[in-house]
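Quick notes on the structure that follows.
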Amino acid sequence: MIMKLFNNKFLYLIFSIFISIPIIAQEESINQIIEYGLKRAENQSLILAQELKNREHVLPRTYENNKLQTIHYDHWVSGFFPGVLWLLYENNQDTQFRKYAELYTARVEPAKQMTNTHDLGFMLYCSFGQGYRLTRNPHYLDVIKEGTNNLLARWNPKLGVIKSWERKQWQYPVIIDNMMNLEMLCFMSQEFSDRTYIKVAETHAQTTIKNHFRADYSTYHVISYDTITGMPHAKKTAQGYADHSSWSRGQAWGLYGYTMMYRETLNPIYLEQARKIGNFLISHPRLPKDKVPYWDYDDPQIPNAKRDASAASIMASAFIELSQLDPSDMAPIWLETAQKQLRTLSSPEYLAEAGTMGGFIIKHGVGDLRSKNEVDVPLTYGDYYYVEALVRLKKLISRPTGISEREIWIKKMTRIATPVLENLAAGTLKKNMPFESLSNDSLRRKASYLEAVGRTICGIAPWLELGSDNTKEGKLRAHYINLVVKGLRNAVNPKSPDNLMFNNHSQPLVDAAFLAEGILRAPTQIWKKLDNQTQKWLIEKWKESRNIKPFESNWLLFPSIIEAALLEFTGEYDAKRLNYGIGRFRDEWYKGDAWYGDGKDFHLDYYNSLVIHPMLTEVLRIMKKHGLPEADFLPIQEKRHSRFAEQMERMISPEGSYPVIGRSIAYRFGSFHALADAALLHLLPVEINPAQVRCGLTSVIQRQLSRPNTFDSAGWLRVGYAGSQIQMSEEYINTGSLYLCMAVFLPLGLPADDAFWANPSVEWTALKAWNGIDVGTDHAIH
Ligand code: GLY
């Protein structure tokens, strides 16, 4: 239309420039900002890519004095321009961008051999790392691997940090920027299932928390360590206003670094650190309203000091991620800050006009004001993090489904399960698993290993049952299937140091049962993959548990499910032990509206969820499969299970907490076993959208796991409900018991295209109700 009004192209151009400026300056929607910013980034980057395409080895650094300034592979910024191209290619899928991304990435390759810099993460991970993520080109992985090994040459285990620079005035300088290089190490551990790299990253991050930060959570730029005492001997700046000042980009590196470390490790210490840094940055009186910081928060020339747009880009990208990881009420504030920063950076004040600045995107960066180098210029890293932030925000806003939530669940689940399964597979479970408990009964300690194993497998099994395939998730599953299969052999092999106790105490009955429930949930990927000998040993172990007499309570279902497993896997079973508990619950202990007594008495606690509903349903399903008459009760039980799930969904508060009620609260979100199981078995009532269960449980999982001290330093769960709270545990609770929390992850056994994962995000009942939405009534079943 408009084009028709202006047949003259020139007039059209003038018109569109004229109208577009005020629109940007006013409140456009954030979607418009994102699209506008990405379009400009594409146009500018093509200019730059074309300009340098025939200049072998050359990569851009800045545009200064009306001139494009370039560098080679060995400069710390070499990876950013290829990274910008990869990010744009990810967004537009335009092969022209991929071609350029490949061209410029290749120019960075010789950096993989460098040993004199810590910046290899910036150089290789932003280029080859992004390229590998998007293309899986195996050569890129080789480059990253070689580079990472050279980066590790700078690691000093005694000091616990990677050395940043070689400079005469400092013995062992480490700069806050170095946090950024840790992402490549985390990636390597993920990719090769080898914790060596991430351990270095974690140690570096911990040492940095100890020494780099001041009481207000601002950070020094450089800490130099005394190589003999291991203590800092100098706290300095190299690029900031003063040693004691808060150089903005350094603060931004810290924010990004700890947010990333939390994403990679889920260690709540890092989340806490990122929050504290974030809080320092946004509540500082000298942060301008438009949220683009001055180059240093402490330059006395403020408000006339220079801004550093690159720091704003880095912060924006980090804040977007933090808003997704932080379950606290700060999350919307992080996101709002990032959006404000991106609005400002996308305004004509900061966004390069089309065709100017040599093809750079964001103006007004400050590289190194102290040495009067790169002052008030565009910087290739300012561009990179601006584009990354836009792409991240776009994904977040347009996220239609729970696919990314699925990734979060997998990460959290594997983080919890890894110490148990890796140690069991290596035969080091008994050696390495701690025993935290109010009890110091030595038999309880001996029983605790089977607790950890049975419960972990009970929760992870449905996901494993999806089997391995060539996707990233499928490969990860292959790894865990392998660990479980190897581990179970150790668990039952009489000669293994991890041979587990299935007798001598009442407790092993419980966990032989959870193990049975787990293996019933993965007949193909676990049971069938066990070698004959292991199957035989395991059957013997289950039979050994017949010597244990259950209490007249939920315990009756433990022999039932063990016999159900024996029936399923061997055809032979003890009918009395199978049926006794079923009869009690069916005929005597039902109290109404989906609640059973725990024995003849009613208990207001989570045992209906932890044990009763999931085990009753499972046992009856196996009975039905084998044509046993007692399975007649299954339809009634399923109706009760379904109603119970409905009630549990309502217990999730708008903030993602739930009532702290009853025994065994230290099982954390394992208390949602019955809800998770109902989702897995498609037993949710039709009125409940599976996505509201997903979203509600995600909020619970995120909230509970983000509490400080949920894990110990080696990654084992600590006794508690929201962090470490040992007095909230009963005598029978110990480290091993805590792994019942794994039960929440059952819906991962549904494929990614199941409605549970594929439906768009929605609010769960309590959240809707508290937002003023009419959610209707809730009625008992009869
Ligand atoms: N990593 C160097 C800088 O931020 O300037």
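Positions of Cβ are set from backbone N, Cα and C atoms, glycine also.
According to TrEMBL, the feature substrate binding site maps to D119, D177, T237, R249, W253, S371. As annotated by TrEMBL, active site, nucleophile applies to D119. Under the heading active site, proton donor, TrEMBL lists D177. The domain 'DUF2264' annotation in TrEMBL covers 406-764.
There are 10 other CB atoms within 10 A of the CB of S371 (substrate binding site), with all protein chains counted. For ligand 1, no neighbouring binding-site residues occur among D119, T237, S371, by Cβ distance under 6 Å. For the substrate site listed in the record, the two most distant Cα atoms among D119, D177, T237, R249, W253, S371 lie 20 Å apart.
Within the group of binding-site residues (D119, T237), the Cβ with the highest number of other Cβ atoms inside 10 Å belongs to D119. The C-beta environment of R249 (substrate binding site), restricted to residues of the same chain at least 6 apart in sequence and closer than 8 Å, consists of D177, Q239, W295, D308, S310, A311, I314, V366. When secondary structure is read from DSSP and collapsed to three states, R249 (substrate binding site) falls in the helix class.
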